[in-house]
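Participant: Before anything else, here's the structure in question.
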Amino acid sequence: RMFHDDELEESEKFYVGQPRVLLLIYALYNTLVARSEMVCYFVIILNHMISASMITLVLPILIFLWAMLSVPRPSKRFWMTAIVYTEVAIVIKYFFQFGFFPWNKHVDYTKDKPYHPPNIIGIEKKEGYVHYDLVQLLALFFHRSILKCHGLWDEDEKGDSSSNKEDTDDELSLTGGRRDSSASLKSVNLAASVESIHVHFPEQQTAIRRKSSSSISQLSHRSNIFKNINHSTFSLYFLECKLHVIKSRCGLYCFRTLQVYVPIRQFFYNLIHPDYSAVTDVYVLMFLADTVDFIIIVFGFWAFGKHSAAADITSSLSEDQVPEAFLVMVLIQFGTMVVDRALYLKKTVMGKVIFQVILVFGIHFWMFFILPGVTERKFSQNTVAQLWYFVKCVYFGLSAYQIRCGYPTRVLGNFLTKSYNYVNLFLFQGFRLVPFLTELRAVMDWVWTDTTLSLSSWICVEDIYAHIFILKCWRESEKRYPQPRGQKKKKVVKYGMGGMIIVLLICIVWFPLLFMSLIKSVAGITNKPLDVSITITLGGYQPIFTMSAQQSQLEDFNQTRFNMLLAGYRGNTAALQFLEGYGKEDITLADLEGNSNSLWTISPPSREKMIQGLLDFSSEFTVVLSWTIQSTLGEVYPYYIKAPSDSLAKPIKQLLKGMYCKWKNITVSLVKNVSGEGVREWWVLNQLGKTFKTSGDSLELIIFSDKVSPPSLGFLAGYGIMGLYASVVLVIGKFVREFFSGISHSIMFEELPNVDRILKLCTDIFLVRETGELELEEDLYAKLIFLYRSPETMIKWTREKT
């Protein structure tokens, strides 16, 4: 073998023979080394999420607007900036930990205040103030050692020198070999047109002279700033400032400002107009990151608002309340997704760069300076906001990668239609089932894509393409799993697919009954009464008795009392069937005081008429008991009352009929008290045959409370069984009926043996549209429409290839 080495072979054998755990550790370490810069990014972002201060804010912004945008990798200058900045931050934090600073004397009082200046700056006194900074510094030095080990630490300067040399050689060859920088500058005619000016800089000579003297080195370093700035009025102005007004103080300030501005401007200019572009497409990943953030907002919206930590989005929506924090966050998140889609379709890198800068500064300002004031708690104490910010950082990284590589020149179809298998088929079908998503995507694509088609024609093409893709997936599945001619379907297929459909249809038909039964029996919440009130009125006159039972007067049933209740109805089938739906925790014993809590204030004429009515045994005299219903005194006192989930309570007929009748009699007596203040009267009631109370004048009442649905499902359970049948089952049944009926009308479009030619025609329309051949797009669209208008041509186009 060529280049055979015994030591290398022995080393490889030794490595292969190591335990699997050790090999896994080696692999993880190699992965860490290969992605050491990502480790640095992660540690920096994690440090900022936990610290959430102005000191730690700088590096995350530099990551998304400098490091991740650098081609091919972050420069040595960035890593040195990060290392030095981290060291300075550690020293500053250490310095402000001393107790003689005024704000360090009341740390316990100010540590949770989000707008306390030391907390915002990051110089507050706390335990472990520098732990994450030290980990961050360790990660940066680890990455620096890896770059040095592979010879990449000083590669940037060498690369700049070599590239400068090549550019200078080309420029010098075009200008006849002029090598004097002053001669080059003197050749600039400020009055000439911008298009006719080409400024040359002797980069090769600068690189050679850099080693000779410091003054010339400074001049060469400054001249290196102007590389590749040609055909620009700004560069002429900059040269004029350098040659004529550099000695003045104003000119010196302008020059120093331009020294900072020009490299930044040149960095973004080179980013937008790269010499070489490794085109890629990570829009799908960015969309997924935005979708995850959208889900976090929906289920954790309370973290972005004030005084809503215990809120539930379903409960809020069921009460027709839209929280402001939820609304603002959803609209902002959705708006950024729309703008991102527009930039992707227009393929404008400059717009994406501007959008990236605005988002990075805007989101960091809002998350770390506005949100703490809204929620009245620090960002480091808001777990949901931290999770949202971390996912947004992933989005920023993907956006930076998209900017650095450039947008794809062609965007053809949906990303789910790249393969023809069951996974893509079901995902694409699910994508189309999301309400308004397909329509919104089609309209946005039409708005931001150059085309000659009208909106209706565009949607027609999209619908045909989606239909043909689905057919293509089914045809590919038929090729992978062919069905032999004349052979019956296998039981696995019949019972698998057919059985699943049968179970699904049965569940839909009986869904309301199952839902209403299970929601209260399994997930139901006991609805204990808080107040039981009774009012008794004689013949429509002034009420003679009003009393209520609360708190300690409402006793829960224990198991002994519940068993006594069941034993009393051992032979009553209707009563036992009713009691099966309740447990001891659903029953409450109300003990009402026998003395009325209000005086009987009736006028003398009404009093005389009531006495006459009571003495007249030939006519009926009604007694009305009121709690939430009214009933006449057929039997005197209903011992059992059912309190359903609505507001209407009623006696339980199953427990009050037949030989097991538990209607109770009550005695009514008028008490008169004569004192110096006058005559006072009130009524006293006493129940005869009390079961659990024997002493004193009092009334017993047993209340059966129905369980109620949880608050999160109350909006659905509130419709009732008939409401669910009308709103859910019938609507779903309509869609199912459309699937099983009308098939005969779509046979000519569904039963296509080979759809490859139609699929290729659709992709050709996408392709010529992306390349700007709009006339050809019209011709191909007309061909597609003619194909669907002509069944005979469709048959020819969709025949199997022979």
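Placement of Cβ uses the backbone N, Cα and C atoms for every residue, glycine included.
In case it's useful when we look at the structure, here is the feature table from TrEMBL:
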DOMAIN    34-154  domain 'Piezo transmembrane helical unit'
DOMAIN    280-517  domain 'Piezo THU9 and anchor'
DOMAIN    555-630  domain 'Piezo non-specific cation channel cap'
DOMAIN    632-800  domain 'Piezo non-specific cation channel cap'
REGION    155-180  region 'Disordered'
TRANSMEM  14-32  transmembrane segment
TRANSMEM  39-66  transmembrane segment
TRANSMEM  78-96  transmembrane segment
TRANSMEM  282-305  transmembrane segment
TRANSMEM  325-344  transmembrane segment
TRANSMEM  353-375  transmembrane segment
TRANSMEM  387-407  transmembrane segment
TRANSMEM  419-435  transmembrane segment
TRANSMEM  455-474  transmembrane segment
TRANSMEM  495-519  transmembrane segment
TRANSMEM  713-736  transmembrane segment
Participant: Near the transmembrane segment (39-66), which same-chain residues lie under 8 Å Cβ to Cβ, leaving out any that are not at least 6 residues past its ends?
Facilitator: 32, 74, 78, 81-82, 85-86, 89, 92-93, 119-123, 132-133, 135-136, 139-140, 142-143, 267, 356-357, 360-361, 364, 368, 378-380, 386, 389-390, 393, 396-397, 399-400
Participant: What does the DSSP secondary structure composition of the domain 'Piezo transmembrane helical unit' (34-154) look like, as residue counts for helix, strand and coil?
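Facilitator: Tallying H, G and I as helix, E and B as strand, the rest coil: 82 helix, 0 strand, 39 coil.
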Participant: Hey, which bits of the same chain come close to the transmembrane segment (14-32), Cβ under 8 Å, at least six residues off its ends?
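Facilitator: Answer is 39.
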Participant: Flag the pair the transmembrane segment (282-305) / the transmembrane segment (419-435) as in contact if three or more Cβ pairs fall under 8 Å (sequence separation 6 or more).
Facilitator: no
Participant: For the domain 'Piezo non-specific cation channel cap' (555-630), what are the DSSP-based totals of helix, strand and coil residues?
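Facilitator: Helix/strand/coil tally for the domain 'Piezo non-specific cation channel cap' (555-630): 32 helix, 15 strand, 29 coil.
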Participant: So if I exclude everything within five residues of the ends of the transmembrane segment (387-407), which remaining residues of that chain have a CB under 8 angstroms from its CBs? That is, six or more out.
Facilitator: 41, 45, 49, 60, 64, 68-71, 271, 274, 277-283, 285-286, 289-290, 292-293, 296-297, 300, 303, 344, 347-349, 352-353, 356, 359-360, 363, 367, 379
